[in-house]
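For reference, Swiss-Prot has these:
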DISULFID  CYS79-CYS308  disulfide bond
DISULFID  CYS420-CYS454  disulfide bond
DISULFID  CYS436-CYS455  disulfide bond
BINDING   PRO516, THR518, ARG523, SER688, ASP732  glycine binding site
TRANSMEM  560-580  transmembrane segment
TRANSMEM  631-647  transmembrane segment
DISULFID  CYS744-CYS798  disulfide bond
TRANSMEM  813-833  transmembrane segment
MOD_RES   SER889  phosphoserine
MOD_RES   SER890  phosphoserine
MOD_RES   SER896  phosphoserine
MOD_RES   SER897  phosphoserine
COMPBIAS  916-927  compositional bias 'Basic and acidic residues'
Amino acid sequence: MSTMHLLTFALLFSCSFARAACDPKIVNIGAVLSTRKHEQMFREAVNQANKRHGSWKIQLNATSVTHKPNAIQMALSVCEDLISSQVYAILVSHPPTPNDHFTPTPVSYTAGFYRIPVLGLTTRMSIYSDKSIHLSFLRTVPPYSHQSSVWFEMMRVYNWNHIILLVSDDHEGRAAQKRLETLLEERESKAEKVLQFDPGTKNVTALLMEARELEARVIILSASEDDAATVYRAAAMLNMTGSGYVWLVGEREISGNALRYAPDGIIGLQLINGKNESAHISDAVGVVAQAVHELLEKENITDPPRGCVGNTNIWKTGPLFKRVLMSSKYADGVTGRVEFNEDGDRKFANYSIMNLQNRKLVQVGIYNGTHVIPNDRKIIWPGGETEKPRGYQMSTRLKIVTIHQEPFVYVKPTMSDGTCKEEFTVNGDPVKKVICTGPNDTSPGSPRHTVPQCCYGFCIDLLIKLARTMNFTYEVHLVADGKFGTQERVNNSNKKEWNGMMGELLSGQADMIVAPLTINNERAQYIEFSKPFKYQGLTILVKKEIPRSTLDSFMQPFQSTLWLLVGLSVHVVAVMLYLLDRFSPFGRFKVNSEEEEEDALTLSSAMWFSWGVLLNSGIGEGAPRSFSARILGMVWAGFAMIIVASYTANLAAFLVLDRPEERITGINDPRLRNPSDKFIYATVKQSSVDIYFRRQVELSTMYRHMEKHNYESAAEAIQAVRDNKLHAFIWDSAVLEFEASQKCDLVTTGELFFRSGFGIGMRKDSPWKQNVSLSILKSHENGFMEDLDKTWVRYQECDSRSNAPATLTFENMAGVFMLVAGGIVAGIFLIFIEIAYKRHKDARRKQMQLAFAAVNVWRKNLQDRKSGRAEPDPKKKATFRAITSTLASSFKRRRSSKDTSTGGGRGALQNQKDTVLPRRAIEREEGQLQLCSRHRES
């Protein structure tokens, strides 16, 4: 027993010298509460926390004050009554006076300066989520903007895709708008319209009239009590609170003055335990107690500041304690599970879904933090309806956007009276045209003005069919920028927006896209596509290589080298035949001894034989006689047969079976896969084809080449192909096949790739999407789409060469006719030469005959003189003179003609030499006769 007394005495003695080691650490927690009653509740909650944790190391101590009438007094009270007590955290609630939302502000500012955490109990204004202003503020209730999550969940449950967001242009309204738009983006949707009004405004009629013109009938309102009352009064005057409408509001909008004017059937929210200050006091104390025990287990913990006077040092452990608080998870709270997000706001909160019925709020469902659980049987909708409204009004006037893309949409100017010219299809039916407004870009370089034009084609016929089937009217306009639609960066930022028809649809400028818009994944993420009205793929357009028939077309079967060898062979064989027959002892022979010997084969005859065998013209005469020459002739005949047969076969292939070869084989052609500047191919900028090549990694090399050469429109690219500025154009097969059928110098090549389809584009929340798809499916079934295809796409103006046998034309055989004409001209030219030569030869022969006759007379005269006859015979003398006279005149004419034609050149001298001997003989004869006559006279 004495031993126990000694131990007890030793323990008490040691504690008297080391009290700090034995006494628990006192942790002060401050609070600014609305009433004395809540201060008592705060102290009880602290005592309960001490008992719950039961730690002898730490003891929580409650220090509290009530709200002061103004901000200065409140800040002084925080400094003098709370911070001076070295509080680790401060709890703050709202004062009992309504609409005093700024009372927590002096507490937040004062404590935040020293980095002392502040826990709001009933403060729901979104401004306290801004940590650049309220550095150390946390709260056990969510902000009003958190109600956007409940609205979004109700939209999902009731499948409401058309909404109008009506918000006040203040911090609370903007916060609610931002949160809801973020949630809608995750769902790939958006509000049909966001309408803002200034806080405190007394007239929102114009704003509500704008909302009434929209399709959406679900109106989400975020405003203060007074502003909400103003909106309700204006909506009632415009009959916007009756059947068909849905009003979703928050807690403020069904409180106080707003509730007096709220229409029956409105759906509002109330935070469960949102105004239960005692419950939030208990939960806040539990969170702080849990965080304090976790904090004090760490090292280097400093004490909070003591007072504000002369103290400007922040609490170094304050930021750490705030992080510990924000990471706390208090599962046993009176108000439910308590957790904080990165802004210090409560993550999970439960709401009651309230329905105003006969001026009383009735709970018709709950929101458990993640899902809405409604009780549809208890809900009374606006107008006393018990059935859920569909949330939209089917507008019967739609704005249609399209694009100029033949044959789907043709665009032509209107006539002078503003109407469209009447035209007929290939079937004889009148072309259905509609007035469409769009930019007038017919004059390059001039400013683009929006003017009425005439639109018709495949898509216009389809639009007319849909409008008649689904009972709506429309107004058509052409897309302003001429693009189908792709995403592009805004001002070099990371934000991307759609341009073209996609941009107009998403921005609300159009309700529907009726155009050859390709269905792809990128677009389908943002808009809703109908069932395809036209299936197609991608193909390649090139300029057709039309064979040009030249005058030497008949020579195409053989190359130039082969023609030269054939021509050389003809003459070599002719010479060899002549030589063999010439030197053969049997080249000339007689049938019997009485007959004369036959003439040998001449070179001319050998040439005729060689050409005759080659051209199969028949040999009448001049055949070789010797055996050796005839052997060569037979070999030459065989050679000629093979050459002629080969030529005939190739001539048929070139002239009859000729087809233009495709320049490229398809998407895997080496000239496409390995691009070069010598072969240019492209597509349309910011189109689905452009997106396809950009997304495909294996086509990245092709895309880099195409990107530099892409065109603004398909029409420009097609014209570039025709002008040889572009070698290949990659685009939708339906369009390119039509262009190739209309423009005979173009042809598509290769197999289809990236198969897809054309669809009608609508917004995700469009009420028409299901009906449009059903109508298109019915049009496929009843053959209407097939008729449109035949009328607009399959109509061909160019003859299909593959369906008709190829025939020879004059162009193919013009060279042969020119060869015959050349032969005729050559024959005529040669006949004149032959005639001239013959005349020349006859004249010369006559001269020689006269010369020989004169010589004979001269000889006779000489013989007569030698025989002793003194007087010549007068007849012979007369004959001699006649001959000499004729020769002289002949020589003079010949000399004059030669001198004239040759200019006294070498030709005349040569001709004179040819007749010098006869002329000299005659001159000598004349001289002798004159001497004889003078001698006789003497």
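Glycine too: its Cβ is placed from the backbone N, Cα and C atoms.
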Shortest C-alpha distance to CYS436 (disulfide bond) - which of the recorded positions CYS420, ARG523, CYS744: CYS420
Cα distance (Å, whole number) from PRO516 (glycine binding site) to CYS454 (disulfide bond): 18
Shortest C-alpha distance to ASP732 (glycine binding site) - which of the disulfide-bonded residues CYS308, CYS420, CYS798: CYS798
Cα-proximity to CYS420 (disulfide bond), 10 Å cut-off, over disulfide-bonded residues CYS308, CYS455, CYS744: CYS455
Env. residues of glycine site, Cβ within 8 Å of mean position of PRO516, THR518, ARG523, SER688, ASP732 Cβ: PHE484, LEU517, ILE519, ASN520, SER687, VAL689, SER756, PHE758
Positions on the same chain near the transmembrane segment (631-647), where near means CB under 8 A and six or more residues out: 557-558, 566, 569, 573, 576-577, 580, 609-610, 613-614, 616, 623-624
Other CB atoms, at most 10 A from the CB of CYS79 (disulfide bond): 18
Candidate disulfide-bonded residues CYS79, CYS308, CYS455, CYS744, CYS798, pick with smallest Cα gap to SER688 (glycine binding site): CYS455
Residue with minimal Cβ packing [other Cβ atoms within 10 Å] among the disulfide-bonded residues CYS420, CYS454, CYS798: CYS798
Between CYS308 (disulfide bond) and PRO516 (glycine binding site), the C-alpha gap once rounded to whole angstrom: 73
Cβ-Cβ distance under 8 Å to CYS455 (disulfide bond), same chain, at least six residues away: THR402, VAL409, TYR410, VAL411, LYS433, VAL434, ILE435, CYS436, VAL476, LEU478
Secondary structure at ARG523 (glycine binding site), reduced by DSSP to three states: helix
Inter-residue C-alpha distance, THR518 (glycine binding site) and CYS798 (disulfide bond) (nearest angstrom): 27
